[in-house]
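Participant: My questions will all concern the structure given below.
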Amino acid sequence: MSRRHRTGGLRVAVPKQENSIHRFLTANGVFHDDDIQLDHMGLRVVSSESTAYANPPDAQLSLADLEAVRVLGKGAGGSVQLVRHKWTNDIYALKGIQMNINETVRKQIVQELKINQLTLHQCPYIVKCYHSFYHNGIISIVLEYMDRGSLADIIKQTKQIPEPYLAVISNQVLKGLNYLHQVRHIIHRDIKPSNLLINQKGEVKISDFGVSAVLISSMAQRDTFVGTYTYMSPERLGGQSYAYDSDIWSLGLTILECALGYFPYRPPGQEEGWNNFFMLMELVINQPPVAAPPDKFSPEFCSFIAACIQKRPGDRLSTADLLKHPFLQKYSEEEYHLSNLR
């Protein structure tokens, strides 16, 4: 059973503490892991020189400032609520993660906190993280609220996204990926429709950095197996080393899915998706890559998808080159503003 803690209008379920989490708590109830410390005041980054809050104290929110509006979503480890600041009426998404969770999820949360801090307010194509807290067994992350949901939500509503709007979406996502890859040396590792969020202003932003990886340089590689396997590149599915271009494969599949209205790799005789990982791996690794049907889409779109979905990583175009692709130049954001996408 869980007890409930009342904090400024938010009813937060407090999990029964398990022994595993105790290793990461100080005597004062501060959550610490690697170089971060998190408490009811916020996130602190610990270095050999100093320990300071990630944001100036006078600029910090507190959980007591926020009141719940409604639940946006729930998962096994927590929930996301729409919340309102009592004094400013600003709206946020509050992600709450219960810390009676397994080791893998804990590591993902800590990684997300670190990535959020690295990218804080520095790129308009990444969902902003305003503050993070730890209190009574729950990590709370205050995020920018994207009021139209994800591309996955849009597909459910519209079935397919028209090609001109996909050019605008691709342009914004590629700018976000270019920042992650070239400036922050981060591989997202989980680009998919549900992690690309959109708002009424027509902005598309990258979210969810729980499985992202920070590399030491623009030429470095990784070899760990994390992320949503259906969108993984062949080298990742095959257990080989991979780099930034693995995100390009995932983006290509995502955009093609938005265009078709279904996941491009379809199980034989099924429409509901993949239940067998090894069948999908066999198809992605050993068969020719999927492509945009030329009888349904423009040559520019087909070329763009082909530039992303290449089995050899070196054959995929970089974010910088894709931003110059004719498909992105063909449609203007002014003419096809995403606020008109219905």
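Backbone N, Cα and C atoms are what each Cβ position is placed from, and that goes for glycine too.
According to Swiss-Prot, the protein has these features:
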{"type": "DOMAIN", "residues": "66-328", "note": "domain 'Protein kinase'"}
{"type": "BINDING", "residues": "LEU72, GLY73, LYS74, GLY75, ALA76, GLY77, GLY78, SER79, VAL80, LYS95", "note": "ATP binding site"}
{"type": "ACT_SITE", "residues": "ASP190", "note": "active site, proton acceptor"}
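Walk me through the surroundings of each of these features.
Facilitator: Sequence-distant contacts of VAL80 (ATP binding site), defined as residues of its own chain at least six apart whose C-beta falls under 8 angstroms from its C-beta, comprise VAL71, LEU72, GLY73, LYS74, ALA93, LEU94, LYS95, GLY96.
Of all the Cβ atoms in the protein chains shown, 22 others lie within 10 Å of the Cβ of ASP190 (active site, proton acceptor).
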Participant: Which whole-number value in Å describes the distance between the Cα atoms of GLY78 (ATP binding site) and ASP190 (active site, proton acceptor)?
Facilitator: 19
Participant: Tell me the Cβ neighbour count for LYS74 (ATP binding site), meaning other Cβ atoms within 10 Å of its Cβ, over all protein chains shown.
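Facilitator: Summing over all protein chains shown, LYS74 (ATP binding site) has 11 other Cβ atoms within 10 Å.
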Participant: When DSSP states are folded down to helix, strand and coil, where does ASP190 (active site, proton acceptor) land?
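Facilitator: In three-state terms, ASP190 (active site, proton acceptor) counts as coil.
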